[in-house]
């Protein structure tokens, strides 16, 4: 059985333990700000001394013996069970005192203590081993169950329920659970930033104060760091075969050339674009960027060469360079746009419209309605028939029967068919010759007021015995104009015509030229009669 030692001052161990526990509890009531500000002066130093004394106490009382027993348990020995049974009651005799002695709060050691003590908590923490030893006795777990555990479970028996990480100490597990729960009890009073661990807060405060407690112990190296990890990375430069180190960062190099290439990165000219491309003029800060850019130029040149070869091959095969797919697409677009009219002038548009109308119009008697030559012939025939009817009415001594007047009206309103066209022309010519002879015999010589171009109202009135057949002069003139208007309306086509057809129709004799044609015919007949009489 191991006896509890006395304190260094000769005070019994029980009083010493109770007094240390009271001091630790009083420290636990302090705020975070007091812990931070009182870190260097007084309270924390006493706490360090207490922790050091407890570590020495744990090392002196059964720690080495417990480690030896663990090694013996791993080795096959016939008396293994007897030793375990003998060791088990010894641990059960003093579990309360050991638990009380390790009830101190968790706080990491300072950098100086880490360098002096060289204490690795992940390797063999004394608190974990003593608590595991006491826990095995208190929980009543048999040594057989402990022997069944693997080496990994013995090294890190505390597993996190949220992730797959395991820890060697329960305090480390409690610190790790703060990450999952989002608990950050330590806060910086300068920038109000919060942390899950006190060590993280201490490292953060050094960024505000500029303290660098981790100094390099290599001869002739004056560097110091605020974090231990930076010191460890720096110490590798002295341990390896890289004597050439950069004064601006922690990197080391094996030769001087690589160091000289690395140094310009820390100068003021590191942002200057000194590497220029000879092809396009672009500039870059590093040569690697320029090389990547030149690779793009090479890829573009290869693509252009492939395109040129494809164009040459297509030209030799008489295939457009655009490809068959584009030609098919263009043909499809032309087919879609075929429903729309192409851009053309007014005359060409009117001519195309006239052709379309003539093709669509129904043909009656083998001749289309849009044939203006046939319409013009019909106009001339109607004019001749009207003149013949008027001259018969104007000739003195010629008696008009109702049948003749009806026949004359029928001639005016009737449209000649193409079959009797030649016969009617011959008859009209004969009638005109006969009328001219009769007019030359019965018509007096033209006076100064009677001219071939005088209007109809200025002509000589007929004899009284013909007034009953003719009616007043105004009625005869009105009847003539009505007949001309009816003929013009019948001659004009009812379908839509084009602008080109309208232009041609304006230059042809139509409804507006009927009256002028009558006067012209009368004048010619009078001149011919005068010539015959003179002969």
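Positions of Cβ are set from backbone N, Cα and C atoms, glycine also.
Keep in mind that this is a model prediction, so the values were computed, not measured.
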When Swiss-Prot marks a stretch as zinc finger, which of 39-63, 214-238, 314-338 is it?
214-238
Looking at phosphothreonine as annotated by Swiss-Prot, pick the matching residue from 110, 395.
395
Considering the residues 124, 401, which is the one that Swiss-Prot annotates as phosphoserine?
401
By the record in Swiss-Prot, which of 186, 250, 479 is the one labelled phosphotyrosine?
479
Scan 138, 147, 399 for the residue that Swiss-Prot records as phosphoserine.
399
What average pLDDT is reported by the model for the zinc finger (214-238)?
84
Give the residue counts of the zinc finger (186-208) per reduced DSSP state, in the order helix, strand, coil.
11 helix, 4 strand, 8 coil
